[in-house]
């Protein structure tokens, strides 16, 4: 189904990953507090220095990945990243208690927000940052707080306070998925979103606050994603939120029926409990694969679940020792997976013989990411946190041992 086109090594453990909504750009946040932004090569025909055209340079392994900028953005780890809805701004949040808004193209910081401290006065470390619209930024923290900020208010010590704060869960918020705007929406932006935290799912409204919280699911809910266009039948409208659990099970929730799940899909069965489903992404319809979810596992694999059939139909391996932290599809339909100290870019497999599940997925590249050119306006001192101290509460399971892998990558990588 997918095969790696390149492997991009990082200088430290990946804690967060974000894909630009309009351009082939990926940003990463690291355990050291660094934020780095890369431009991926285009799948479309391009022209070399002699004026000759080369088709799909990223497929033949000769494209360039350009480092647009790199800086030590936070004095602790960079826990979360998110682009604005138009891609102009990149929001990052770190364990230093700050949210920073920077120009996506240059990395220059234009705004800062101090995260409200925990009740004991300590830093309330962030877990999610999400731009809901050009006006609203959502920020979730370890203490289970969900802060809403009005981005139209210029920064000042006073205006840095959130406009609203909710507590939809008793535990920290592990995922946030916006619901599509209603047919009567005049703005075209979402005003409701689903969150998971601890063992519950909740729905929050921009104006009315927390609307509903589910029954206790008796397992930790880790990740979530919305998928529409499914087959409608009976009371089902063909719109669901898919939730990944800590024991290898996907649960399906009918939009509007939030009290309890209505279907279960076993993604990874193991004795004593399955592997945690760390991150989810909808496979773009343009790829012609039907309605499908990509699932990033704590064991380092990525499994593909076909909706309707409700079963795993294919699998690739991101890494054999590190879990998948980031997973998504760029504007050209390439899958981007991140975890450990590597980001991988995948394209649709060429000359597939139908044995997608048997494809080798972990292709390595010589060299390592340079740490010599830290650009930007932030501090670049040598403060480094251990992964154990800075990682969110949930531990990643690891498989022992590592198999041999082929070598493939882009030339002239920065």
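Each Cβ is built from the backbone N, Cα and C atoms, and glycine gets one as well.
Taken from Swiss-Prot, the feature repeat 'WD 1' applies to 9-48.
According to Swiss-Prot, the feature region 'Disordered' maps to 39-65 (among others).
Across the repeat 'WD 2' (73-112), the DSSP tally of helix, strand and coil residues reads 0 helix, 22 strand, 18 coil. Taken from Swiss-Prot, the feature repeat 'WD 2' covers 73-112.
Among the features that Swiss-Prot reports, repeat 'WD 3' is placed at 118-159. Computed over the repeat 'WD 3' (118-159), the whole-number mean pLDDT of the model equals 90.
Look at Swiss-Prot and you will find 222-263 tagged as repeat 'WD 4'.
Look at Swiss-Prot and you will find 319-356 tagged as repeat 'WD 5'.
For 352-414 (among others), the entry in Swiss-Prot reads region 'Disordered'.
Per Swiss-Prot, the feature compositional bias 'Acidic residues' maps to 369-383.
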DSSP residue counts for the repeat 'WD 1' (9-48), split into helix, strand and coil: 0 helix, 21 strand, 19 coil
The repeat 'WD 3' (118-159) vs the repeat 'WD 4' (222-263): 3 or more CB pairs under 8 Å: no
